[in-house]
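Novice: Handing you a structure now.
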Amino acid sequence: MEFKKPPDGGWGWVIVLASLFTQFLCYGSPLAVGVLYIEWLDAFGEGKGKTAWVGSLASGVGLLASLGCGLLYTATVTITCQYFDSRRGLALGLISTGSSIGLFIYAALQRLLIEFYGLDGCLLIVGALALNTLACGSLMRPLQSSDCTLPEKIALENVPGRYSIYNEKEKNLEENINILEKTYRGEEICKSTLASGDWKPESLLPKNPTTMAHTKETETYKKKVAERTYFCKQLAKRKWQLYKNYCEETVALFKNKVFSALFIAIFLFDIGGFPPSLLMEDVARSSNVKEEEFPMPLISIIGIMTAVGKLILGILADFKWINTLYLYVATLIIMSLALCAIPFAKSYVTLALLSGILGFLTGNWSIFPYVTTKTVGIEKLAHAYGILMFFAGLGNSLGPPIVGWFYDWTHTYDIAFYFSGFCVLLGGFILLLAALPSWDTCNKQLPKPAPATFLYKVASNSSNV
C-alpha cells in the first residue's frame, strides 16, 4: 500500500504526543522492574537467576502484559514513521522519551506504593494506570493513500470476483448448484423408491401445491449452501495466499545482509544491555553500598539519561552528514566498554556515573526504527520491525536470568557483566562488517582492462630531392 507524502507536522504532532504517553504508561513500570526485583528476592527467597525470570518476562515475551506492550510499541513507531520523513529522527526521539520518563517516575512511584500499599497493591495500581493507553490509541489515525476508499460490505454474489486469486480453473457457482441438485435428486429417488416400490419417473413429479412450495424452498436452500460453500473455499485460499506471501517476504528480508546483521545485533544487544536496568540496584547492594548513600535510585538515573540520549541521538539522526547506521554501531561498541567497567565500580558515585553512560547509550532505541526504515524501506517497516522486536523481546527475557545464573554460580557479578559486554560488542562488530561499503566491493570482480591499441603514422612516399 502506498502512503501519502508524510506531512511532517499537523496531526502528526498529536500522534507524537499520544505515542509518548503510550510508551510512558506501557513501559514505565516494566523498565523500572529493578525496584520490584529487590522485593521479589526477599519475598520468594529464590536465587537471583530464577527470580530474574519474573522481571525479564515482564519486559520481554511470554506474559500477557509484555504481549500488549510489544503491540503498542510497534504501533507507535510505525505510525510515527508514516507521519514524518525529514523530521523522523526528532519525532522518534520524542516518542521514545516516554518510556524513559516513565522509568524515572515509576522507579520512585513504585517504591512509594510498596511502602504504603505493599507489593500486591502496587501492582494493582500500576495496572489501573496502564488502562489510560486506550485514550491514547483513540487519537491515532493511520495515514493511507488518497485513493483508498472505505471497505464496502461484501455481498455473497460478489464473492467469486473479489476472492478469485488463483489462475487455476475453478468450479463456478452454477456448477456447484448443479452438483447439489444431482445429489438432492438422487436422495429423493432413493427415498421414493424405497417407500413405494414404484420405479416410474412420474412418481417423482410434485403432486400438490405443498410439494411444489417445498421444492421451491429446497432450491433456495441449495443456492444459499452453494454460495456459502464457494465463499468459504475462496476465503480460505485467499488467507493461504496471504500467509504464503508473508513467508516469502520474510525470506526476502533475511536475504538483505544488513537486516540479518541488524537482527543479530538487536538480539545480542538486549541479552547484554538490558540486565543493568533490572539488576543495578542489586549490584549496588552486592557491592555493600548502603541505601542511605543513594541521593537518587540508580534506576532513575538510567531512566533520565535514557530520555536525554533518545532525544539527542534522534536529533543527530536528522543531519544528512551523519550515517545513522554507523551512529548506532558506535553506541553499541561504547556500551560494551561501559558494561565491562561495572565490575570495577565499588562506590555509589562510580555506579551512578556508569548508570548515566549506559542510560544515555540505551537511548539508541530512538534511532533503531530510523535505521530499520533506511534498511528495508517504509513499506516493509511494520513487517521488519515486528520481526526485530520479537527477537529483542527474546533477548530481554534471556539476559537477566543468564546474568543471575552467573552470580549464583560465582557469587559475583564480574563474569556476568563481562559476558554482557562481549554480547553487545559482538553484535556491534557484526553489524559494522555488514554495513561497510568495502564489504560489497571486495566481492565484485574488477572489469578486465581493455586491450591496448597502438596508432602508427604511415610515412609518406614522397621525398624532397
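In case you wondered, yes, glycine gets a Cβ from its N, Cα and C as well.
TrEMBL labels come from automatic prediction, so no person has curated them.
Note that this is a predicted model, so its numbers are computed, not measured.
Annotations for this protein, taken from TrEMBL, read as follows:
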type	residues	note
TRANSMEM	12-37	transmembrane segment
TRANSMEM	57-77	transmembrane segment
TRANSMEM	89-108	transmembrane segment
TRANSMEM	114-135	transmembrane segment
TRANSMEM	258-274	transmembrane segment
TRANSMEM	294-313	transmembrane segment
TRANSMEM	325-345	transmembrane segment
TRANSMEM	351-372	transmembrane segment
TRANSMEM	384-403	transmembrane segment
TRANSMEM	415-436	transmembrane segment
Novice: At a Cβ cut-off of 8 Å, and with pairs 6 or more apart in sequence only, do we get at least 3 pairs between the transmembrane segment (294-313) and the transmembrane segment (114-135), yes or no?
Specialist: no
Novice: Give the one range among 114-135, 325-345, 351-372, 384-403, 415-436 whose Cβ atoms make the most pairs under 8 Å with those of the transmembrane segment (258-274).
Specialist: 415-436
Novice: If we call contact 3 or more Cβ pairs under 8 Å (sequence gap 6 or more), are the transmembrane segment (351-372) and the transmembrane segment (415-436) touching?
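Specialist: No; fewer than 3 Cβ pairs under 8 Å.
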Novice: Residues of the same chain, at least six outside the transmembrane segment (114-135), with any C-beta under 8 angstroms of its C-beta?
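Specialist: Residues 21-22, 25-26, 29, 35-36, 39, 43, 72, 106.
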Novice: Of the stretches 89-108, 325-345, 384-403, which racks up the most C-beta pairs under 8 Å with the transmembrane segment (415-436)?
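Specialist: Answer is 325-345, with the largest number of Cβ pairs below 8 Å.
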